[in-house]
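Asks: Take this structure first; my questions come after.
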Amino acid sequence: MAILLLSLPPHPPIPPKNPKTTTPKLTPPQPTIALTDSTTSKRRFILESTSLFLISLTPQQYPVAHSSPKASAPPRPSLSGIANTKSWFQFFGDGFAIRVPPQFQDVSEPEDYNTGLSLYGDKVKPKTFAARFASPDGYEVVSVVIRPSNSLKITFLEAKDITDLGSLKEAAKIFIPVGSTVYSARTIKIKEEEGFRTYYFYEFGIQEQHAALVAAVNGGKTYIAGATAPQSKWNDDGVKLRSAAISMTVL
């Protein structure tokens, strides 16, 4: 089951009322909310929380019962805005490329080259993120994860296209967490040398988070690009984040 609750930061602690106040009043003043964490710690917590939200977009490696997501009226038209990303930095990963919004920082954890190296043949633990970038305040995150396609849907043949995982509606049960409000779902076809490659695009919200997700398949691997932010941030930066997710291409 998706770990959705972990993606939402808890409410900040409320300090006790002023001990000097001894006479009760009919309308006592509201206690002041104090943030005791440092700015750096707060940014790290928000970043890790948003990353957990992205992880929740990828299903677990065991069967999970999903109800079909029902599309509701979006607050804006589908794909209401796409920015020109040609001037953005293009990051090349393992089998994919993605454009990174300006001022976003690479927050991927450094790869541990010693992980899994053993005389006894231990397997290397797969990386959680193939790429991860965050805004300076850490509220907005663009990430890419790669998963074996047969871990998302049992198939006897190697998946070569996203359509091997099902139709746009069927695959939504894989990529969209249960309980989400779906704003948009589209099939995007990109012309390549050997024909067309199909990408599935979903935009949805759950609780206070908003996300845009693009998925594609190549060589038995599923590439998932996600851009997430609090709804309050998405209202201003949604076009930028949506454009970053859609910019992912499978190489």
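Using the three backbone atoms N, Cα and C, a Cβ is placed for every residue, glycine included.
Whatever TrEMBL says is automated annotation, not expert-curated.
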Asks: Tell me which of 1-35, 106-140, 176-210 corresponds to the region 'Disordered' entry in TrEMBL.
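Replies: Range annotated as region 'Disordered' by TrEMBL: 1-35.
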Asks: For the domain 'PsbP C-terminal' (92-250), would you mind checking the mean pLDDT of the predicted model?
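Replies: PLDDT averaged over the stretch: 89.
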